[in-house]
Amino acid sequence: MSVQYPPQHSVLLVSSGYDHTIRFWEALSGICSRTIQHADTQVNRLCISPNKRFLAAAGNPHVRLYDINSNSQLPLMTFEGHTNNVTAVAFHCDGKWLATSSEDGTVKVWDMRAPSVQRNYDHKSPVNDLFIHPNQGELISCDQSGRVSAWDLGEDSCTHELIPEEDVPMSSVTVASDGSMLIAGNNKGNCYVWRMLNHQGASLLQPVVKFQAHPRYITRCVLSPDVKHLATCSADATVNIWSTDDMSFMLERRLQGHQRWVWDCAFSADSTYLVSASSDHVARLWELSSGETIRQYSGHHKAAVCVALNDYQI
């Protein structure tokens, strides 16, 4: 029986993890519409291209690019050059290039027209996360030694190196969609916030606040598209939602329901819903106004560690 692929305008959720499968879900019905076997490695991160056509899956040690509007098991392209787990993947806004980070200690920028490395930056420590600044000219990354680095692609150099807590691994970074702030979370459950100021086309970073978001490891921090909320995922099995109003970071919601570590999350385009992935094998869709789970996606038989949302604002 052929799989009926959901129409392009439907909201699509993609999840993956340690069971070597990538699962596509019709977000509202909870129906799994497609499964890709990713046999040779677990998947660490997922990212959907801005034009909603491609899915990048970061594994060990490569990144594979899949056609979202196809039922093929085969990738369109493979990016090879890392030598360890790829921990993050992000697309340029026009899809011209792809940025990745890895436990091999490097950040790489790849040409999408042919999978070749255009930039290669050495962290000298395993890199845990990466974010493309909305100006598309800077990358922000963080590593196991506790460092947050900013890379200027035009100058081809590191412009900032911040170490908020020496030897406390920095696990996640996120930048506001309007370029106004940078937030990083670490393995002690602390979040650090910097105001980002534009100076002659480059960012100046001004420390604002540090706050404890969780009692255990932060695995992911994500700012909402409208920049009104921060979501933090943790080893404590919760997702916390914080208000960014006046950079006060007051706790708005604690999303409880997962049974084990929560590894990843993604906001809907209108910032009113959140999806999450957990070691309990389940992905969840949360309504943020109520804090309730409105859909569970059960099908993985090992930890689900990454999610991506193909979310059209209709």
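Cβ atoms are placed via backbone N, Cα and C, with glycine included.
According to TrEMBL, the features are:
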REPEAT    1-35  repeat 'WD'
REPEAT    79-120  repeat 'WD'
REPEAT    120-161  repeat 'WD'
REPEAT    211-252  repeat 'WD'
REPEAT    255-296  repeat 'WD'
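Residues 11, 13, 15, 17, 19, 25, 27-28, 30, 45, 217, 219-220, 222, 224-226, 228-229, 231, 233-235, 237-241, 302-309, 311-313 of the same chain lie 6 or more positions beyond the ends of the repeat 'WD' (255-296) yet place their CB under 8 Å from a CB of it. For the repeat 'WD' (255-296), residue counts in helix, strand and coil come to 0 helix, 25 strand, 17 coil, using DSSP. Mean per-residue pLDDT, taken over the repeat 'WD' (120-161), amounts to 96.
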